[in-house]
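Annotated in TrEMBL:
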type: TRANSMEM; residues: 39-59; note: transmembrane segment
type: TRANSMEM; residues: 66-87; note: transmembrane segment
type: TRANSMEM; residues: 93-114; note: transmembrane segment
type: TRANSMEM; residues: 152-173; note: transmembrane segment
type: TRANSMEM; residues: 179-197; note: transmembrane segment
type: TRANSMEM; residues: 218-239; note: transmembrane segment
type: TRANSMEM; residues: 259-276; note: transmembrane segment
type: TRANSMEM; residues: 288-308; note: transmembrane segment
type: TRANSMEM; residues: 314-335; note: transmembrane segment
type: TRANSMEM; residues: 347-367; note: transmembrane segment
type: TRANSMEM; residues: 387-407; note: transmembrane segment
Amino acid sequence: TVISVVVMVAAPLIAVPIAYGFTDNPAKFDLFVEMLRITFPYLLLISLTALCGAVLNSYGRFAAPAVTPALLNICLIGSAFLLAPYLHTPELALAWGVLIAGIAQLLFQLPFLLQMRLLPVPKHSPGHEGVARIKKLMLPALFGVSVNQINLLLDSFIASLLVTGSVSWLYFSDRLMELPLGIFGVALAIVVLPSLSRSHADKSPEQFSDTIDWALRLVFLVALPATLALLLLAKPLLITLFFNENFTVVDVQQASASLQAYALGLLGFMSVKIFAPGFYARQDTRTPVRIGVIAMAVNMVLNVVFYWQGYGHVGLATATSIAACVNAGLLLRGLIREGAFSFAGGWGVWGLRLLLANTCMGLFLYFRAGEWAQWLSWSVGEQILEMAILVCVGIALYVGILFAAGLRWREVYR
């Protein structure tokens, strides 16, 4: 609460280092400050939401916390559709969407806590043994899981130095990339951490390794088709969701390029969500921090290189994706070196199934979507209908081929 109030009051000062490139344009800078003030209370709301989710997870109730992150994407897309046309400054629609999402996420979880009679009552007990232990573990863990978000913040800072629109192009791209990550990646991390903690407490290294192996297979199962879909449908998606008089053809082209760059790192983004808990479950919060620092350094160096090479906002998105893959790769190597994880058998067959299913789905999406320019001439209803066909048939084709190739529910569901 205190941080939120301070930031809202001191927003003009805080905005300078975050968006230094806007300082020479008073109108753009003032808009950024206003958006910062609107969105920052989300920090308080999402902190309370995380507390509620932690209570539910500790009692084995994973469904509500797993679904909650998707509400952010839904509210943002809904605000862009429903709120922007009625605002004098349409750009503020997304800022209000963030605040609405924070309220919706918190209110969504409260009924589940009330039903279980677990609604926490805040108490100030700084000397409690559990509070002291959590403080010791929380700060390194907080940094470890925030590396990708910090890298995105660095992207926004450098993007503010680029041509007008770069920040928005990256933002829209990130929102679409975060949709599969928020729905699946975060949900899987929520489920995996308690299971890994139990395996570590029970001194069962085989179960510990098997859990990570199972989670990694699911990451490949979801991340690969999601990546392929974002690569092939980047422009149709952006046209369907955002194309209007304020989001032009140029915006579609530029945002689609950064979306495709972000999509290439989706496997890395998701993998971090399951590899990092492999360390946290063993109360090792320092290793992810060290690896996170390396990933941040890689991102910053590549940002500078791509910036000077003239790759613009696409270079920033590419750097973030590479950094995410480096982060995931180093975490995986650490787990293997420490003997906490080893690949189980069957990865060859699993890979062949995924290759076959993704190839068939990709061919369908490519030929069905056609030339992206034709989407511009369609009505909104036609765009939504065609996108629904692509998504539904694509998923059905992907899942159907996987099961025809021998996949069984017992390999997916635990």
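Just so it is clear, glycine is given a Cβ too, placed from its N, Cα and C backbone atoms.
Unlike curated entries, TrEMBL annotations are predicted automatically.
With a cut-off of 8 Å between Cβ atoms, the residues of this chain six or more beyond the transmembrane segment (347-367) that come close are 217, 220-221, 224-225, 228-229, 232-233, 390, 393-394, 397-399, 401-402, 405-407.
A Cβ distance under 8 Å defines the sequence-distant neighbours of the transmembrane segment (218-239), meaning residues of its chain 6+ beyond its ends; these are 172, 176-177, 180, 184-185, 188, 247, 251-253, 255-257, 259-260, 262-264, 266-267, 270-271, 273-274, 350-351, 354, 357-358, 361-362, 365-366, 369, 372, 375-376, 383, 386-387, 390-391, 394, 398, 402, 412. Within the same chain, residues 147-148, 151-152, 155, 158-159, 170, 173, 212, 257-259, 261-269, 271-272, 275-276, 278-279, 287-288, 291-292, 294-296, 298-299, 302-303, 305-307, 341 sit at least 6 positions outside the transmembrane segment (314-335) and bring their C-beta atoms closer than 8 Å to a C-beta of that stretch. Within the same chain, residues 49, 53, 93-94, 96-98, 100-101, 104-105, 108-109, 175, 178-179, 182-183, 186-187, 190-191, 241-242, 246 sit at least 6 positions outside the transmembrane segment (66-87) and bring their C-beta atoms closer than 8 Å to a C-beta of that stretch.
Distant neighbours of the transmembrane segment (39-59): 1, 3-4, 7-8, 11, 65, 68, 95, 98-99, 101-103, 105-106, 109-110, 112-113, 116, 118, 120, 190, 193-194; these residues of the same chain sit at least 6 beyond its ends, with a Cβ under 8 Å from one of its Cβ atoms.
Under the criterion of 3 or more C-beta pairs below 8 Å, with sequence separation of 6 or more, the transmembrane segment (288-308) and the transmembrane segment (93-114) do not qualify as touching, having fewer than 3 such pairs. Within its own chain, the transmembrane segment (179-197) has Cβ neighbours under 8 Å at 53, 57-58, 60, 62, 65-67, 69-70, 72-73, 208, 211-212, 215, 218-219, 222-223, 226, 266, 269-270, 273-274, 276-278, 280-281, counting only residues six or more beyond its boundaries. If you look at the transmembrane segment (152-173), the same-chain residues 6 or more away from its ends with a CB under 8 A from one of its CBs are 17-22, 28, 91, 94, 238, 242, 250-251, 254-259, 261-262, 296, 299-300, 303, 307, 312-313, 316-317, 319-320.
If one looks beyond the transmembrane segment (93-114) by at least 6 residues along the same chain, the residues whose Cβ comes under 8 Å of a Cβ in the stretch are 34-35, 38-39, 41-42, 44-46, 48-49, 52-53, 55-56, 61, 64-65, 67-69, 71-72, 74-76, 78-80, 83-84, 87, 120, 171.
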